[in-house]
Amino acid sequence: AWYVPCLASLETLQELCRKENLSCKSIGITNRNLKSYEVEYLCDYKVDEGTEYYLVKWKGWPESSNTWEPLKNLKCPVLLQNFLSDQNEYLSRVKEGKALKVKNHVKALKPAVADYIVKKAKQRIALRRWKEELNRKKNHKAMILVENTVDLEGPPLDFYYINEYKPAPGINVINGITTGCECSDCPAEKCCPKEAGFLLAYNKQKKLKIQPGLPIYECNSYCRCGPDCPNRIVQKGTPYSLCIFRTNNGRGWGVKTLQKIKTNSFVMEYVGEVITSEEAERRGQLYDNQGNTYLFDLDYDSDEFTVDAARYGNVSHFVNHSCDPNLQVFNVFIDNLDLRLPRIALFSTRTIKAGEELTFDYQMKGSIDLTSDSADGLSPSKKRIRTVCKCGAVCCRGYLN
């Protein structure tokens with residue numbers, strides 16, 4: 001049997017599989033292409049004696065197996081279109097000509113153009129695989145899309161998708177709730193929020209009706225009410241299809257909605273690794289040196305815990321800051337009534353159009369900085385270099401911190 005180190009390249013894994021006659025769908029080798037050839041992407045172009053050729057990267061085969069194939073043999077219109085689009089995109093950016101004539105009368109792309117086309121093809125594959133991974137791991141029905149039409153950045157290398165808090169060793173995020181409401185009609189009876197001394201957070205249309213700063217108490221797993229209870233919103237996960245996209249103004253990744261979102265609707269939950277405030281202070285100093293951090297203080301009742309979404313998180317990991325945001329932070333309690341450990345939910349503050357970027361104000365809560373390109377990293381008690389805000393809002397404060 002082969003024993004392959006986890007850091008082996010994709011090409012190494014493909015070569016080993018083919019030597020051992022093994023299929024592995026996750027690295028592009030299937031029973032279909034184990035003995036045959038399927039175009040994965042096109043790398044280069046030339047015209048030789050009047051015949052057009054494309055350099056082909058074969059799916060599941062290392063780049064050393066690339067071959068030049070005449071256009072008439074290629075049955076991959078989508079890949080041909082991608083090739084031409086990437087070529088035109090590069091040429092339009094650098095304002096170069098379409099092709100270079102060499103001395104033997106063969107037309108060929110400049111090496112820089114071919115290199116860009118290959119990088120775009122690899123990026124397209126990497127982002128598609130990342131999108132598939134995100135959708136495998138999510139626990140809600142809505143889709144997650146990924147898009148980058150700005151640069152050659154691929155998926156983050158050190159980010160792991162999770163659906164709920166990941167407690168650090170020694171931290172218990174479930175405090176063993178054993179009772180629930182006995183309601184047959186939660187909005188009309190003395191439901192979980194009233195037992196906690198607060199108003200029911202949602203109206204009959206399942207839209208938020210309380211003011212920012214007030215907590216949300218949802219029905220839990222011990223409540224008599226069923227899954228259609230209007231007091232079960234955050235626990236069901238985001239109902240909207242969202243797209244993680246690359247911003248074009250230096251803010252790194254962002255998130256936009258693919259569907260219209262009405263005012264006061266639940267959009268997503270903010271999750272990450274739950275750590276102590278002392279550990280957050282230590283990590284914050286490290287993050288500051290790296291130029292980024294994702295620390296979110298859970299200070300509803302105390303400042304004992306912090307959520308760190310740098311490595312572990314969901315789509316909210318990529319939501320950018322705005323001084324005029326369309327999302328608002330709320331503290332939520334469901335199966336855990338520990339006031340030190342609320343769940344964090346983001347609700348819409350207004351109607352959000354399909355295609356619009358989702359944002360919230362990083363100064364709403366604790367010491368947070370979610371952009372990968374920012375330098376804000378320490379808690380408010382520490383003096384930090386001020387980070388310029390790029391939100392573009394009319395009311396922009398000028399700085400993130």
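Don't overthink the numbers, they just go from 1 along the chain as shown.
A Cβ is built for glycine as well, from the same backbone N, Cα and C atoms used for every other residue.
Over in TrEMBL, the protein carries these features:
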DOMAIN    37-95  domain 'Chromo'
DOMAIN    179-237  domain 'Pre-SET'
BINDING   Cys181, Cys183, Cys186, Cys191  Zn(2+) 1 binding site
BINDING   Cys181, Cys192, Cys219, Cys223  Zn(2+) 2 binding site
BINDING   Cys186, Cys219, Cys225, Cys229  Zn(2+) 3 binding site
DOMAIN    240-363  domain 'SET'
BINDING   Cys323, Cys389, Cys391, Cys396  Zn(2+) 4 binding site
DOMAIN    385-401  domain 'Post-SET'
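The binding-site residues under consideration are Cys181, Cys223, Cys323, Cys396. Their Cβ neighbour counts within 10 Å are lowest for Cys396. Separating the Cα atoms of Cys225 (Zn(2+) 3 binding site) and Cys192 (Zn(2+) 2 binding site) is a whole-number distance of 11 Å. Of the recorded residues, Cys181 (Zn(2+) 1 binding site) and Cys229 (Zn(2+) 3 binding site) place their C-alpha atoms 12 Å from one another. Note: the Cα of Cys396 (Zn(2+) 4 binding site) and the Cα of Cys223 (Zn(2+) 2 binding site) are spaced 44 Å from each other. Set side by side, the binding-site residues Cys183, Cys191, Cys192, Cys225, Cys229 differ in how many other CB atoms lie within 10 angstroms of their CB, and the most is found at Cys192. Within 10 Å of Cys183 (Zn(2+) 1 binding site), as judged by C-alpha distances, the binding-site residues found are Cys192; the full candidate list was Cys192, Cys323, Cys391. Note: the Cα of Cys191 (Zn(2+) 1 binding site) and the Cα of Cys389 (Zn(2+) 4 binding site) are spaced 43 Å from each other. Cβ environment of Cys186 (Zn(2+) 1 binding site): Cys192, Leu200, Cys219, Cys225, Cys229, Pro230, Asn231 lie under 8 Å away, each six or more residues apart in the same chain. If you take the Cα of Cys389 (Zn(2+) 4 binding site) and the Cα of Cys223 (Zn(2+) 2 binding site), they are about 44 angstrom apart, rounded to a whole number. The binding-site residues listed here are Cys219, Cys389, Cys391; among them, Cys219 has the most other Cβ atoms within 10 Å of its own Cβ.
In this structure the C-alpha atoms belonging to Cys391 (Zn(2+) 4 binding site) and Cys223 (Zn(2+) 2 binding site) are separated by 42 Å.
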